[in-house]
Amino acid sequence: MEVERRSVKKGEEEEEDMNKNVMVNHMAQMGFRVLGFVLSLVAAIVVGLNKQSKVVPLTVSLNLPPLDYTLIANWHYLSALVYLLSTNVIACSYSFLSFAFLLKNKNKDNIVALLVIVLDTVMVALLFSSSGAAAAVGVIAYHGNSHVQWNKVCDVYGRFCKQMAASTVLSLAGAVVFMLLVVLASVGLQKRPK
C-alpha cells in the first residue's frame, strides 16, 4: 500500500515537473516572439525611412563653374532593400499573428505546434536570405567593384549606408531569434506529454 502511494506521488511529481517545463518553454517562446516582432518591425522601419540626398558639384568644362547636381539614394532603388523590407514586414506580421494564436490556444495540439515550427523555419529562411542580399549590396556600396567599374557610394551616402547596415544587422538578429524559436518549439514537442 505504501509502495503504491509512493509510486502515485512520484508519478504526480513527474507530471507536475513536465507541466512546469512545458509552461516555461511556452513562456520563452512568447518572449522570443515579442523580440522577433520588435526586431523585424524596427528593421522594416529603418529600411523604409532610408533616404539621403546629396548635392554634388559636377564639372562640365574647366572654363565654367561647376554645376550643383542633387543625387538621391532611396531604399526602393535597390531590389535587395525592397526584399529586406518585404521579408521584415512578413516576419513582423507573422510574429504578431503567431503570438496571438499561441496565446489563445496555449499550443496544446501537436499539429498546430508542427505548423508553427514549419512557419518559423520559413521566417528564418526569408530573413537570412534577405539579410544576405542586403549585405552583398552593402559590401559593393562600401567597397565598390573595380572589375566592373562600380564605384564606392558609401563615401557619398554615408548615412544611407549606415542605415542599410543597421537594418541588415537587425534583420539578422530577427533571423537568429526565429531560429531559436524553432529550436525551442522542437524541444517542446519532444518533451510534451503524449
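Cβ atoms here come from the backbone N, Cα and C positions, even for glycine.
The domain 'Casparian strip membrane protein' annotation in TrEMBL covers 26-176.
What TrEMBL records for 30-49 (among others) is transmembrane segment. Same-chain neighbours of the transmembrane segment (30-49): 75, 81, 84-85, 88-89, 91-92, 95-96, 98-99, 102-103, 123, 127, 163-164, 166-168, 170-171, 173-174, 177-178, 180-181, 184, counting only residues six or more beyond its ends whose CB sits under 8 Å from a CB of the stretch.
According to TrEMBL, the transmembrane segment annotation covers 75-99 (among others).
The feature transmembrane segment is assigned by TrEMBL to 111-144 (among others).
For 164-189 (among others), the entry in TrEMBL reads transmembrane segment.
Sequence-distant contacts of the transmembrane segment (164-189), counting only residues of its own chain at least 6 positions beyond either end whose CB sits under 8 Å from a CB of the stretch, comprise 22, 25-26, 28-29, 32-33, 35-36, 39-40, 42-44, 46-47, 50, 75, 81, 84, 87-88, 91, 107, 110, 113-114, 116-117, 120-121, 123-124, 127-128, 130-131, 134-135, 137-138, 141.
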